Amino acid sequence: MSPQTETKAGVGFKAGVKDYKLTYYTPDYETKDTDILAAFRVTPQPGVPPEEAGAAVAAESSTGTWTTVWTDGLTSLDRYKGRCYDIEPVAGEENQFIAYVAYPLDLFEEGSVTNMFTSIVGNVFGFKALRALRLEDLRIPPAYVKTFQGPPHGIQVERDKLNKYGRPLLGCTIKPKLGLSAKNYGRAVYECLRGGLDFTKDDENVNSQPFMRWRDRFLFCAEALYKAQAETGEIKGHYLNATAGTCEEMIKRAVFARELGVPIVMHDYLTGGFTANTSLAHYCRDNGLLLHIHRAMHAVIDRQKNHGIHFRVLAKALRMSGGDHIHSGTVVGKLEGERDITLGFVDLLRDDFVEKDRSRGIYFTQDWVSLPGVLPVASGGIHVWHMPALTEIFGDDSVLQFGGGTLGHPWGNAPGAVANRVALEACVQARNEGRDLAREGNEIIREASKWSPELAAACEVWKEIKFEFQAMDTL
C-alpha cells in the first residue's frame with residue numbers, strides 16, 4: 001500500500017510505526033518555484049540508511065511524527081509534507097550526506113523568520129536517529145521574500161543619508177567594552193570620529209549596566225558625534241545599542257535615539273531574537289534610523305562543521321528580518337572566516353541575485369527580488385597592515401571596523417583614527433589607479449606612512465601582529 005493511500009480516510013486508520021522514507025523520501029519530486037529548499041548535512045547513527053535519515057529530517061521538520069496518527073486522514077499530507085528529494089555523499093567525509101528537502105510555502109507564516117526557523121531547525125536537531133545535523137543553506141523563494149520588509153534602508157539609501165561614496169566606511173568599537181563611565185565613553189567616541197572615522201560602536205554587551213546607564217551613554221555619544229560633525233564637516237554616527245531585556249524597553253531606547261537625531265542604532269539579533277529584531281527593523285524604517293546588527297552568539301550555532309546552522313543561513317535570515325549592517329568576519333583578522341565561504345555569504349547579503357556556486361558554499365540560486373542589501377562589517381583583530389587586503393576582499397560596499405586597531409595607537413584615539421583613514425584613502429586611490437592591492441599592499445601602506453606620522457606609528461606598532469590559525473569553516 002502506498003504512503004499516499006494510507007493517509008486517505010476512506011481506507012481506514014492503520015496504527016503502528018512505519019519508516020519515514022515510505023512517505024517523506026521522494027527522489028522523483030520536481031521542486032516548485034514556491035518551495036523553500038534546504039540543504040542539510042546529515043550524519044546518521046550507525047545502521048540508519050541515509051534515505052531514512054533524510055526522510056526523517058523532512059518529516060520531523062514538517063508534518064511528521066514518530067508514529068501514524070488517525071488525524072493524518074483529516075488533511076492532505078501530499079500538500080503539506082516536506083520532501084527529501086535528493087541525497088548525496090559529502091566528499092572526503094565518512095557517513096555524512098547532504099540531504100535536500102523541499103517545503104511547501106503554506107507551512108510558513110508570512111513575514112516571520114521566527115516561524116520559518118521554528119519549523120526547519122526546531123525539534124529535528126535533537127532527533128536520536130541522527131548523530132549530527134547541520135543546515136548548510138536555504139533557498140528562499142521570491143514569493144516568500146516578498147512578505148518581508150527586509151533591511152530598514154539598504155546600501156544605497158545609507159550612502160545617500162551619509163553622503164559618502166566610492167570607498168568602504170570606517171568604524172571602531174569603543175574599548176574597554178565594559179567599565180567606562182558615560183562621559184569618558186563619549187570622549188572616546190568624539191576622538192575617534194574627529195580623527196576621520198565614519199562610525200563608532202557600542203560593543204555587543206554594552207546595554208544598561210550600573211557603571212553606565214543607557215540614557216547617559218546615548219546623551220554623551222550624541223554630543224560627541226555632533227561636535228565631531230561640526231569640526232569635520234562629515235556626517236558621523238555611533239551605533240547606539242538598543243538591545244534590552246524586553247521588546248518594549250528596546251523600542252523605548254530606539255525612540256530616544258531618534259529624538260536625539262542620531263542616524264543609527266544597533267541590535268544583537270541572535271541573543272535578542274528574530275521577533276524583536278524584525279520589530280526594531282520596522283521601527284527604524286518608519287523613523288529614518290539605520291540599523292547595525294551584531295551577531296553575538298553566532299559561533300555557538302555555526303562554528304561546528306557537522307552540527308548547527310551555517311552562518312550563510314543566519315545571514316539570509318537577517319536580510320529578511322532586517323538590518324543595514326551585519327558583522328561577517330574578516331578573513332584576515334582574529335575571528336573565524338575562510339575567504340571563499342565568507343565572500344559567498346557576503347554576496348548573499350549585498351547582491352540582488354546570486355547564482356549557485358558550490359565552491360563558495362552556495363547550494364542554491366537566490367533571487368532577492370530587490371530586497372534591500374546589507375553592508376558586511378569586517379571586524380575583529382584588524383589593523384592598518386590589513387587595509388589593502390580588506391579593501392580588495394570586501395570592496396566599497398562594506399564597513400571596516402578597527403577597535404584595538406584604532407584605540408591601541410600609541411598616540412591615542414584620534415591619531416589611531418587618522419592612521420586608519422589615511423591607510424584607507426591610500427588603498428582606494430591605489431586601486432583606482434589600477435594597482436594590485438593583493439601584491440603591492442604593503443608597499444602602498446609604506447608609501448602613505450612617509451607623509452602621515454600617525455600611520456607610520458601604527459605601522460610600527462602592529463608590524464608583527466598576526467592571527468595564523470587554520471579556519472574551521474571549510475567546504
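Placement of Cβ uses the backbone N, Cα and C atoms for every residue, glycine included.
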Subject >> Of SER62, SER379, SER398, SER449, residue recorded by Swiss-Prot at the substrate site of ASN123, THR173, LYS177, ARG295, HIS327 >> reply: SER379
Subject >> ASN123 (substrate binding site) CB neighbourhood, other CB atoms within 10 A >> reply: 11
Original post:
If you count the other Cβ atoms within 10 Å of each Cβ, which of the binding-site residues LYS177, HIS327 comes out on top?
Top reply: HIS327
Original post:
According to DSSP, which of helix, strand or coil covers ASP203 (Mg(2+) binding site)?
Top reply: coil
**OP:** Using the centroid of the Cβ atoms of LYS201, ASP203, GLU204 as reference, list every other same-chain residue with Cβ within 8 Å of it (recorded Mg(2+) site), in sequence order.
**Re:** THR173, ILE174, LYS177, ASP202, ASN205, VAL206, TYR239, ASN241, MET266, HIS294
Subject >> Those residues of the chain, 6+ apart, with a Cβ under 8 Å from that of LYS175 (active site, proton acceptor) >> reply: ASP203, GLY403, GLY404, LEU407
Original post:
Among the recorded positions LYS201, HIS294, ARG295, whose Cβ has the fewest other Cβ atoms within 10 Å?
Top reply: ARG295
